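Only one structure is covered here, and it is reproduced in the block below.
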Amino acid sequence: MAADGTIRHDWAIDEIVALHNLPLLELVGRANAVHRMHHDPNKVQKASLLSIKTGGCPENCAYCPQSAHHREVDLTRDRLMDPESVVAMAATARAAGAERFCMGAAWRQVRDGREFDAVIEMVKGVRALGMEACVTLGMLKPHQAERLAAAGLTAYNHNLDTSPEFYGQIITTRTYQDRLDTLATVRSFGIDLCCGGIIGMGETIRDRASMLHILAAMEPHPESVPINALVPVEGTPLAKRPVIAPLELVRMVATARLVMPASTVRLSAGRSNLNREAQILCLVAGANSVFYGDTLLTTPNAGIGEDAELFAAIGELDCDHVSASAA
C-alpha cells in the first residue's frame, strides 16, 4: 500500500480501497505530503465553466438535468452560443481571476459543420486571451480532435463518471468503452486529458476505487482529474439521493492525490454544499484547482464573493497557476 509520491500505473483496486479507508488524519497527512512533492501547496488554479449549448442531450445520464430523457426537469434549452459572446464571457472570467476557461456543450458527439466550426473559433478566442481552453463536447472522431489540437485546445474533458461495474446503473446510451476510446483519440493528438467522475450516486467505496484504478492505469495519468459530488436535481432519476457527507469528498480527493501524484485534482461540482472549512480540508488533502463562478453548467456553485472570502481566510495563495501551454 505504498504511496510515496512515485508515479505508478500498477495500482490494484484493493490497494486503493485500503488507502481510501485509512484513518482520516493519516490519509490526509499522506496525501498532503505527496502533494507537496509534486506541487506548490500555495498554488490553486481557478477555472471557469460555461454551458455553451444547454439541454436536449440524447444521452440518459441519470444525474444530468440536460438529458432529453428527463422531461420533468425545469431547464431552459439554449442553442449553441456565438463565439463572440463566449470569448467575451471568457474575458470577464479572466478579469475575475480565472486562468482556465472550460466550455461544455450538451451533445452526444461532435458533428462536423457550422456548430463545430464555431467551437473552433471559441477555442482560438479563449487562447488569444492567454487562458487555458478546455471543452467537453461528447464523443469525437480523430479528424475533429486534430482540428481542436490545431486550434490550440489545452484539454478535453470526458469523464468516466463512475466504475465500469456501476456504470450501467447510471447510463445506458453510451458504453464505458466509448468513453475510453474518446480519451485515447484525444490523447493521440497531444491534447491534455481532463477526466474524473462523480461520487454520491449510490456507488460503493470499491466503485470509487475502481474508477480511480482505471484513471491511474493510464500512461500518462490524466493531466486533470475533476472530483465531483452529485448535486441532486429535481426531475432526474437521482433527485432523491442524499447529499454526501463532506468528509467523503475529502477522502476521494486525498485518494486521487495519492494514486495520481502529479495530476491536477479539481474540486468540482458539489463544492457549494461544503462549508469553508471542508473546502480548505480538500485543498490540504491535495486539491489544487477549483471551479470559479456562480454555476457549473446548470448546477449551483460557490459564488465569486464566497470564494474571495475563502482565499482570504487561507491567506495569500498564489492563484496565478497557468500551465506553460497557455502562454
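Glycine residues also receive a Cβ, built from the backbone N, Cα and C atoms like all the rest.
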Task: Pick the one from Cys194, Cys195 that Swiss-Prot also lists for the [2Fe-2S] cluster site with Cys102, Cys134, Arg266.
output: Cys194
- prompt: If the [2Fe-2S] cluster site is taken as the center of the Cβ atoms of Cys102, Cys134, Cys194, Arg266, which further residues of that chain fall within 8 Å of it by their Cβ?
  reply: Ala47, Leu49, Arg100, Thr136, Ala155, Asn157, Ser224, Pro226
Field: Beyond the site residues Cys57, Cys61, Cys64: chain residues whose C-beta lies within 8 Å of the centroid, for [4Fe-4S] cluster
entry: Glu59, Asn60, Tyr63, Pro65, Gln66, Ser67, His69, His70, Ala106, Ile171
- request: Would you kindly give the Cα-Cα distance separating Cys64 ([4Fe-4S] cluster binding site) and Cys194 ([2Fe-2S] cluster binding site), rounded to the nearest Å?
  value: 19
Task: Work out how many Å separate Arg266 ([2Fe-2S] cluster binding site) and Cys64 ([4Fe-4S] cluster binding site) at their Cα atoms, rounded off.
output: 19
- prompt: Counting other Cβ atoms within 10 Å of each Cβ, which of the binding-site residues Cys102, Cys134 scores lowest?
  reply: Cys134
